[in-house]
Amino acid sequence: MAMSEMLRQRLNEKYARDSYYPSTPRTHNLTEEGPVLSERKLAVYGLILSLLVVAVKVFSIYRDDIERTVFEQKLISYETLSEDGRIMYQYTWKTAVKYSHFWLPLLCGILSSYFTWIMVYLDSNVPGVQPPSPFSPKKYKEQSVTNKMESTNVFSENFQKLIGNSVRSVLLENSSEKDEPSPATNDWSSENENLSCSYCRVKFPDAQNQREHYKLDWHRYNLKQSLLSKPPVTEDEFGEKTGKDDLSSISGSDSEKEDTLDTYATAQGKIFLQNDSGQEEISDKDIFARLTQCCITNKQWTVLMLGGGHFAGAVFKGNEPILHKTFHCYTVRAGQGGSQSSRDSKSAGSQPKSAGASLRRYNEQALVQHVKTVVDAWKPEMDKSALIIYRASGPYNRSVLFGGASPLLDRSDKRLRTIPFSTRRATFTEVKRVESVLATADVYKSLKEATQHFCKQKSPDAEAKRNKIRSSCINRAKSRETVERPLPGALSSASSVESGLEGDNTHQEPSFTFTNEELDMDASLREFEDSLTPEQRSKRAPRKKQQRKSKTKKLKEKEDARKRDLIDALCKGDLDKLKKLLENHLKTFEEGETERNAKQCFVNEVLEENGNTLLHVAALNEHEEVLEFLLDNEADPCVKNKNQQTAYSCTQSKGIREALKQFARDNPDKYNYNKAQIPTNALTTEETAEKKKAQRKVKREKEKEKKKENWVKKQEEDEKSRFLQLSDREKRALAAERRILSQSGTVMARCFLCATDISGKVPFEYLGNRFCTIDCLKAHRMQNPIVLS
């Protein structure tokens, strides 16, 4: 187990540094290096095992046939005598017999295994497989030839030699048109900036002309030229383009879906640089300085990843981590996602108070504290880093790094970079993979090769399809050309006469003549010229046949309407409508079916998806009259809905429950009321009143006894208070008086200190003072010390 884990870790580290796709942690069968030894052994073992399985399978299939052939037909037998005179038979196989039955399937199995092994082991859909299999598709062969590139580490000396003294960023388009050198552009400025167009470089005398200019196609064309970083055109040049029907650039169709190198760079988080051996001029001055600063002068990077309660960070010196730390806190709600703080913010009034929610809140605070401790401990090394690369997805994780009064990272720090590709869970292995991918530079021999590698070649079919879609879309913002169509003969002649008269009388004053004429409408109206033949006119366009509803569908709609009416009557408590619906149902019951069965079928019908019957709906809406009507018409109170509730248990209304109890008392043998969950041992109203009366009587007697006990207790307390107020002499006198009167009645003796009744007990006594316990005696003696003279 340990060996397999070690091998997997080595493979992950190895392929993470050479991966073409940053979002994929591993890529097999790279260009430079072949498969590792363990994978080659595994492939050979798989091939041997497949051959063994094929041999065993072939033998098991043809075993009976082989035995029958060997012992019956295809043999040459001869007799030999043994020493004891018995005849023994010996068999020898023919050469044809040995291989005639199973050599063909065995050979097919071997070839199938071999081809499968070749296609799985030597070929792959991953671009860049070297060498391609003979059975690979043509596009993969071409792709493998195109993908011959080198990868180098940005911290190596080879990369320093490669970039030389200068680099620049490039943007290439895979277009069939030849790139024309862009003329040198001079900065243009207008005296009156408010009445000018900086895109077309023209000035206007007033605001009206400026607004009219913004509506022209010429302005839109120059606007798109500016977005493509191309120089504007003059009005004359634009007129020549429109004269040649070159309007594709106006609509922006050329740049609608161009496959550019920059598009792939954005998707994969890469920038493309060109060294000073290229033929183009350098335009970005700061690229080389920044590249030198973060890759050559200072090779120390810091990578921080935070997400889902997982934190992983490391400080790299070149490719070696000098500091690293990972930990995890339970902050994400299992099965639902999201932090507990975001959940609390959505429900500010009622936050969850479960143990899990409390634990997540505590862990969120602990996570912030742990991250702060790690970053503070790494502060000296992070200050020396050329780049600080981080990934903090979501507002909560970003607040850990950038929130608070004293944030851990400064947003204005120019060293901050986000990870430009998707990553996995924040672990130390993932942090090393991210650093390896970011520190890897792919080297192409030329810009043409890079373009062929990343940009897709446009097929004629795809281009035709795009043009077709583009032509079908109408841009209503554009002005449309007016199309002149020929008029009918009579109208065209009349219009030509009128236009001629207008042309002749351009400079003459008009003269009018008024006449009264009677027009014959039959002679004036003529049939409009039509080029269609009567046969063509008779052929009308086929009308779409209206789909007729099937009989089953109509019946279903009718049944749904009836159920809706029934539910509406039950909800509103409309007893008359309910009776009418029941009468209509009884009219349609089939022959041979009794009226009682028809009623049961109607009143016990399931109306809703949750299994509620008419009795359930009436009980839920608390209509006692409707409930009694249904019970009188064979409604079964034992029927349960899908929640296993009867009409009694589905409602909390006392009136409905009392009505069901009364029905059970009136009809004790009609249904199983235990199944209906109706208590049958419930008392009647008179019995309930008598029971309450008896309970009130018992309660009054108890209150009377309690009142008497309280009076006696109060008398005792008063007696105690009076006795305690007496002096010791008065207490002795009172005791003597009570001893004298003991012959005539009961005398109560009390303790001289606490006034407790000590009648019938042997008291503790000194100097004529009597006490209930030795403690009272001792306390009294301490209060009244004896002075010895």
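Glycine is no exception: its Cβ is also placed from the backbone N, Cα and C atoms.
Feature list (source: TrEMBL):
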TRANSMEM  42-62  transmembrane segment
TRANSMEM  102-122  transmembrane segment
REGION    173-192  region 'Disordered'
COMPBIAS  183-192  compositional bias 'Polar residues'
REGION    232-260  region 'Disordered'
DOMAIN    297-441  domain 'VLRF1'
REGION    335-356  region 'Disordered'
COMPBIAS  339-353  compositional bias 'Polar residues'
ACT_SITE  Gln340  active site
REGION    455-511  region 'Disordered'
REGION    528-559  region 'Disordered'
COMPBIAS  539-555  compositional bias 'Basic residues'
REGION    686-714  region 'Disordered'
COMPBIAS  700-714  compositional bias 'Basic and acidic residues'
Cβ packing number for Gln340 (active site), 10 Å threshold: 23
Per-state residue totals over the region 'Disordered' (686-714) - DSSP helix, strand, coil: 29 helix, 0 strand, 0 coil
Residue counts (helix, strand, coil, in that order) that DSSP gives for the domain 'VLRF1' (297-441): 57 helix, 38 strand, 50 coil
